[in-house]
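Student: According to Swiss-Prot, the disulfide bond annotation covers C56-C82, C73-C113, C96-C135, C236-C306. As annotated by Swiss-Prot, N-linked glycosylation site applies to N74, N126, N131, with the evidence given as sequence analysis. Sequence annotations record features per position, and here Swiss-Prot assigns signal peptide to 1-29. What Swiss-Prot lists as topological domain 'Extracellular' is 30-147, 220-236, 298-313, 377-384, and the listing cites a curator's inference. Annotation source Swiss-Prot lists topological domain 'Cytoplasmic' at 171-198, 260-276, 338-357, 412-498. The annotation transmembrane segment is assigned in Swiss-Prot to 148-170, 199-219, 237-259, 277-297, 314-337, 358-376, 385-411 on the grounds of similarity to another entry.
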Amino acid sequence: MRFTLTRWCLTLFIFLNRPLPVLPDSADGAHTPTLEPEPFLYILGKQRMLEAQHRCYDRMQKLPPYQGEGLYCNRTWDGWSCWDDTPAGVLAEQYCPDYFPDFDAAEKVTKYCGEDGDWYRHPESNISWSNYTMCNAFTPDKLQNAYILYYLAIVGHSLSILTLLISLGIFMFLRYFNLLAPFNALLYPTRSISCQRVTLHKNMFLTYVLNSIIIIVHLVVIVPNGELVKRDPPICKVLHFFHQYMMSCNYFWMLCEGVYLHTLIVVSVFAEGQRLWWYHVLGWGFPLIPTTAHAITRAVLFNDNCWLSVDTNLLYIIHGPVMAALVVNFFFLLNILRVLVKKLKESQEAESHMYLKAVRATLILVPLLGVQFVVLPWRPSTPLLGKIYDYVVHSLIHFQGFFVAIIYCFCNHEVQGALKRQWNQYQAQRWAGRRSTRAANAAAATAAAAAALAETVEIPVYICHQEPREEPAGEEPVVEVEGVEVIAMEVLEQETSA
């Protein structure tokens, strides 16, 4: 999977700004392709065609003369593709060039060598003609697919932002009330480790939020705006810099999660609280190095419009460390599963139940560590499988923040239990407040009635200061709000400590 998200954004930009094919359906040696004067399209397309033309001329000079018998068509460069010597009456074919995203490199271009040993000439122009119609025959389908992926990205990242912000709010709320118990008795035996785990979660959730916001801005502001890309303002490249930085931070905080879990489970289950500042340096600080190096080299060596092109190996400055982080997390996952299966075997559980737990642990850890991008690295070449691959991979990319928020916050039993306890405490305080208010109103009414009776019988004022009457035996004593809160907090602390 080579720069999947970046390449898709480039393809979508081409389609949204030019839904019709970029190149005409034919080519010949005397024809020079015409491109609209958009620097981004012109530079990329012409540069790749010139490189292919130089390779073709070198090849024609190095190949030996035609060794066959009979008439043949001479080797030639038709403007887009290189053709070898071809016997008369043969339809030569090769794969379509990949100069432009709307050309399908999986389709084929054909060129017919006539019986007279001359390349076929188009009847209208009377010049040699190559059939490139299949190269862009499926452009409307690709355009429709690009629009679907475009809206899938908008919906996925918007939903991820919403759920992640709610999750961060829940973590902040539970942290404020000090209610969040350890997530798992095996993985997190102490309260401090639980707090460290939540801190890692919050940082990773924050990278998801910031990355999704930047991607939405990029898709809404940059991708559909061909005029903006043509002007190539500095803010365009600044946005690209932060996009690459937040993407790197996202994957390196996944690596932080993997390092933390691996240290906790494999190295020492009963380890003391780890130093979190190392994780902050790795998650927030280290991605600045490859991102800054990429920005400098890109500005000097490959300064294309808005840095949208993927036709440069400079992207490996960023994607190389990201790929390394994913591979490391993949091995962490395998080692963690090995330890978990070993512990399940030692507990003498049923074999089916043991493997069910192992599978469940795998499914939970996969989105956290991002190893799905290691398992699905290459796109199939067939159209149907390629389309299925696109939808699966882009769903995982755009909805990953949503999946992580659901699994590690909303579906977490400890988070649910803490929220229920806080809700029950709130209900108890509210109910006690209502009872106290009703009791105060009743006491005020009784005092008013006693005062009216005293005025009627002319009782001295000091008699109103007599001792309060005893409560009837069948009536419950009024409980103050403060008492209820103290008792509830004591019970809650006992449950938490247990």
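Glycine is treated like the rest: Cβ placed from N, Cα and C.
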Student: Applying the under-8 angstroms CB criterion, which one of 148-170, 199-219, 237-259, 314-337 scores highest with the transmembrane segment (277-297)?
Tutor: 237-259
Student: Tell me the Cβ contacts of C96 (disulfide bond) under 8 Å, same chain only and six or more apart in sequence, or just say none.
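Tutor: Looking at Cβ-Cβ distances below 8 Å from C96 (disulfide bond), excluding near sequence neighbours, one finds F103, D104, A105, A106, E107, K108, V109, Y132, M134, C135.
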Student: Within a 10 Å radius around the Cβ, which one of these disulfide-bonded residues has the most neighbouring Cβ atoms: C73, C82, C113, C236?
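Tutor: Going through C73, C82, C113, C236 one by one, the largest Cβ count within 10 Å is at C73.
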Student: Where C113 (disulfide bond) and N74 (N-linked glycosylation site) are concerned, what is their Cα separation in Å, rounded?
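Tutor: Rounded to the nearest whole number, the Cα-Cα distance is 9 Å.
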Student: Pick from N74, N126: which of these glycosylation sites has the biggest number of other Cβ atoms within 10 Å of its Cβ?
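Tutor: Checking each of N74, N126, the winner is N74.
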Student: Which has the fewest other CB atoms in a 10 Å radius around its CB: C56, C135, the listed disulfide-bonded residues?
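Tutor: Lowest Cβ count within 10 Å among the disulfide-bonded residues (C56, C135) is C56.
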Student: Going by DSSP, how much of the topological domain 'Extracellular' (220-236) is helix, how much is strand and how much is coil, in residues?
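Tutor: Within the topological domain 'Extracellular' (220-236) the tally stands at 12 helix, 0 strand, 5 coil.
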Student: Which of the listed recorded positions (N131, C306) has the least company, meaning the fewest other Cβ atoms within 10 Å of its Cβ?
Tutor: N131
Student: Quick check for the class: what is the C-alpha distance, in angstrom and rounded, between C73 (disulfide bond) and C82 (disulfide bond)?
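Tutor: Distance (Cα to Cα, whole Å): 13 Å.
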Student: Of C56, N131, C306, which is closest to N74 (N-linked glycosylation site) if I measure between C-alpha atoms? They're all recorded positions.
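Tutor: So, spelling it out, the nearest of the recorded positions is C56.
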